[in-house]
Amino acid sequence: MIVDMLPIGLSSVYLWFSTAAGIAGNICAISLYVSPMPTFKRIITNKSTEQFSGLPYIYGLLNCLICTWYGLPIVKSGIIMVATVNSIGAVFLLVYLIIFITYAEKSIKLRISGLLAAVSVLFEAVVLVSLRLVGHERELFVGYICAFSVVSVYASPLFIINLVIKTRSVEFMPFNLSLATFLVSFSFCAYGALQGDPFVYIPNSLGTILGFVQLVLYSYYSKMSGDDDSREPLLA
């Protein structure tokens, strides 16, 4: 770690900033995890998933599980904040999926249940394969999968950005969600950089850029269209 090469005085300051960035990322991430609550309150009230999709929660759960595994000391020491935030996210997403499956139509229920089982099998495979590796090999194996997973999640706003530009409306891009996404990715970009971990700061730097683009677009198109932030967010 970079901190090991610093004088004692500087290392304490360095650790403070690193911890602060990790805590900030955890706090901002919780706001993302709770953002779909109005959607699921609506699902429970109406006893139907209506036109909502469960796929974002499947992808999100797999990402959180893989990132939690990467952040544990058995794979990579010194980045426990990555494990804490993603373990919390995994719990939220699993609860959302249980609610979604409960109120979904039979065909959708079977599909999402099957995908949930596939997530479990895939994650178990990653864990079992990585446990057969030792030292740096384990870190690289899980790190690359983790980075790819995070990049895939952060790439999803590209569809929303394209939709906003085409429709000239921010109806499907709530400001609070865009701001939270930017703050989470920026915090963990800083945390990863301070920890000297490219598997954390590279994908989160992409998320920071995309989050900033969303905020700029929101500022521009909200003035043009006069849209408010009333859309209930589905994707965290």
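Just so it is clear, glycine is given a Cβ too, placed from its N, Cα and C backbone atoms.
What you are looking at is a predicted structure, and each value in this text was computed from that prediction instead of being measured.
Residues annotated as transmembrane segment in TrEMBL: 13-34 (among others).
Long-range contacts of the transmembrane segment (55-72) within the same chain: residues 79-84, 86-87, 89-90, 93-94, 96-97, 100, 112, 115-116, 119, 122-123, 126-127, 130, 142-143, 145-146, 149-150, 152-153, 156, 199, 234-236, each at least 6 residues beyond the stretch ends and with a Cβ under 8 Å from a Cβ of the stretch. The transmembrane segment annotation in TrEMBL covers 55-72 (among others).
Below 8 angstroms of C-beta separation, residues 1, 19, 22-23, 25-26, 29-30, 32-34, 36, 40, 43-44, 47-49, 52, 54, 57-58, 60-61, 63-65, 67-72, 109, 112-113, 116, 188, 191-192, 195, 197, 200, 236 of the same chain, each at least six residues beyond the ends of the transmembrane segment (78-103), sit close to that stretch. The feature transmembrane segment is assigned by TrEMBL to 78-103 (among others).
Under 8 Å from some Cβ of the transmembrane segment (115-135) lie the Cβ atoms of residues 54-55, 58, 61-62, 65-66, 69, 75, 97, 101, 141-142, 145, all in the same chain and six or more residues away from its ends. TrEMBL lists 115-135 (among others) with the feature transmembrane segment.
Look at TrEMBL and you will find 141-165 (among others) tagged as transmembrane segment. Sequence-distant contacts of the transmembrane segment (141-165) (same chain, six or more residues past either end, CB-CB distance under 8 Å): 56, 59-60, 62-63, 66-67, 69-70, 75-76, 126, 129-130, 133, 172-173, 181, 185, 197-199, 202-204, 206-207, 210-211, 213-214, 217-218, 221, 235.
Same-chain residues lying 6+ beyond the ends of the transmembrane segment (177-194) with a Cβ under 8 Å from its Cβ atoms: 2, 14, 17-18, 21-22, 24-25, 28-29, 31-32, 35, 79, 81-82, 85, 154, 157, 200-202, 204-208, 210-212, 214-215, 218, 233, 235-236. The transmembrane segment annotation in TrEMBL covers 177-194 (among others).
The transmembrane segment annotation in TrEMBL covers 200-221 (among others).
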